[in-house]
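Visitor: Below are the structure tokens for one structure; questions will follow.
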């Protein structure tokens with residue numbers, strides 16, 4: 001059920017779009033797309049992207065949800081739940097970056113409480129996997145020069161250390177783990193006999209979540225036509241990580257090996273240390289399935305290896321074919337403060353543009369709308385070609401010029417979006 005507040009927001013968004021005067025040659029979108037608005041500088045860019053790069057070319061009325069922090073607070077975060085359920089129904093969503101409040105934000109916005117991460121809420125409701133991959137521009141230097149193709153990290157963002165129970169052991173004693181089944185005898189394991197103080201932790205995962213993760217990874221690899229690697233430390237965690245390894249292998253052999261063979265791609269399990277070394281020596285061009293902690297760490301390492309967090313895509317998918325995209329960076333608070341002062345900003349909008357094109361491209365694939373798929377591809381090409389032609393925001397100019405960057409070397413926020421529109425109109 002959609003809350004009354006969300007219905008009102010959706011209605012207002014539809015009226016706004018319908019009031020605009022656009023070309024009659026726009027590409028018609030018949031399938032639903034859920035749009036989730038966000039916060040601060042990314043919210044400002046979001047409106048500009050829609051008005052200059054999306055709505056002039058695409059005839060679409062998104063199902064709109066305002067996930068800006070003030071509205072999440074006003075709805076007691078119900079709007080986030082409504083948005084997640086809407087994505088589940090529509091299959092396609094596109095999200096602007098949002099604030100996850102800490103104590104300082106609670107005070108700044110006068111919040112009722114410290115609301116949870118909207119990404120986490122959406123991910124849990126959809127039981128999805130987050131895939132992060134780079135947008136590669138030939139003229140931007142790479143920290144890992146050999147990475148010529150994308151490395152896409154698929155993170156199993158469920159359980160493990162992130163749902164663990166940990167505590168400090170203050171003195172000697174026996175640490176035990178007990179599982180009490182609903183039927184049958186309890187299972188008791190002695191973990192350690194402490195002679196003094198220390199620390200302890202217990203964590204878990206579920207077969208259903210690992211299975212859904214495996215399906216998402218295999219399906220995403222097929223969509224990208226890239227080989228898939230799963231990394232674990234099953235030589236040490238023989239039961240825990242062994243479960244990941246066994247589930248992936250069983251599902252691959254039963255459901256995906258034939259399709260992988262037809263595409264000339266493959267699946268392979270590797271130890272995490274071996275996989276890290278392989279990734280650094282490779283040229284890229286694969287999907288890397290990681291457990292929760294590994295994915296958290298490796299996704300940031302990979303992002304920096306390609307040169308810029310501003311050129312990273314983020315897609316949430318699940319085994320049911322749900323697809324929700326967003327930029328992998330935050331709300332760019334520092335730039336927003338400058339914007340509030342009336343100062344010029346040069347904020348990189350590429351990842352936010354790709355959030356829209358990824359969602360619309362996937363909608364086009366589901367609806368067999370070839371014009372929409374081509375629009376998405378051409379708009380992405382316009383983003384890359386503009387950068388490769390020397391038109392970019394300050395963060396990317398610094399990657400090339402370093403401390404020698406001058407104002408003439410980069411465009412401001414709106415100038416870059418305008419330049420992308422200019423390049424798109426040449427390409428289409």
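Along the chain as shown, the residues are counted starting at 1.
Keep in mind that glycine also has a Cβ here, set from the backbone N, Cα and C atoms.
Feature annotation from Swiss-Prot assigns transit peptide to 1-27. Taken from Swiss-Prot, the feature NADP(+) binding site covers 98, 99, 100, 105, 281, 330, 331, 332, 333, 334, 335, 348, and the record attributes it to similarity to another entry. Swiss-Prot lists 100, 117, 118, 119, 120, 121, 122, 123, 132, 155 with the feature substrate binding site. Annotation source Swiss-Prot lists site 'Critical for catalysis' at 162, 233. Taken from Swiss-Prot, the feature Mn(2+) binding site covers 273, 296.
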Visitor: Go through the recorded positions 122, 233, 296 and tell me which ones have a CA within 10 A of the CA of residue 100 (NADP(+) binding site).
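Guide: Final answer: none.
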Visitor: I'd like the Cβ neighbour count for residue 122 (substrate binding site), meaning other Cβ atoms within 10 Å of its Cβ, all protein chains included.
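Guide: By my count, 26.
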Visitor: Counting Cβ neighbours within 10 Å across all chains shown, tell me which of the binding-site residues 118, 120 comes out on top.
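Guide: Ranked by Cβ atoms within 10 Å, first place goes to 118.
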Visitor: Distance between residue 281 (NADP(+) binding site) and residue 120 (substrate binding site) at the Cα atoms, whole Å?
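Guide: Distance (Cα to Cα, whole Å): 33 Å.
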Visitor: The record names 100, 117, 118, 119, 120, 121, 122, 123, 132, 155 as the residues that bind substrate; what is their largest Cα to Cα distance in Å?
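Guide: Greatest Cα-Cα span of the listed binding residues: 19 Å.
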Visitor: Looking only at 98, 99, 100, 105, 281, 330, 331, 332, 333, 334, 335, 348, the residues listed as binding NADP(+), what is the longest Cα to Cα distance in Å?
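Guide: Comparing all Cα pairs, the maximum is 42 Å.
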Visitor: Sequence gap of 6 or more, C-beta under 8 Å: which same-chain residues meet both conditions with respect to residue 273 (Mn(2+) binding site)?
Guide: 233
Visitor: In Å, rounded, how far does the Cα of residue 296 (Mn(2+) binding site) sit from the Cα of residue 162 (site 'Critical for catalysis')?
Guide: 10
Visitor: Across all protein chains in the structure, which of the binding-site residues 98, 100, 331 has the highest Cβ count within 10 Å?
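Guide: The most densely surrounded of these binding-site residues is 98.
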Visitor: List every residue in the same chain as residue 333 (NADP(+) binding site), at least 6 positions away in sequence, whose Cβ is under 8 Å from its Cβ.
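Guide: Correct list: 40, 41.
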Visitor: How big is the gap, in Å, between the Cα of residue 98 (NADP(+) binding site) and that of residue 162 (site 'Critical for catalysis'), rounded to a whole number?
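Guide: Each residue's Cα considered, residue 98 (NADP(+) binding site) and residue 162 (site 'Critical for catalysis') end up 21 Å apart.
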Visitor: Which ones in the same chain are close to residue 132 (substrate binding site), with CB under 8 Å and 6+ residues apart in sequence?
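Guide: Residues satisfying the criterion: 152, 153, 155, 299, 302, 303, 312, 313, 314, 315, 328.
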Visitor: Output the one of 162, 233, 281, 296, 335 that, of all these recorded positions, has the highest number of other Cβ atoms within 10 Å of its Cβ.
Guide: 335
Visitor: Say you check the Cα of residue 335 (NADP(+) binding site) against those of the recorded positions 118, 120, 122, 162; which is nearest?
Guide: 118
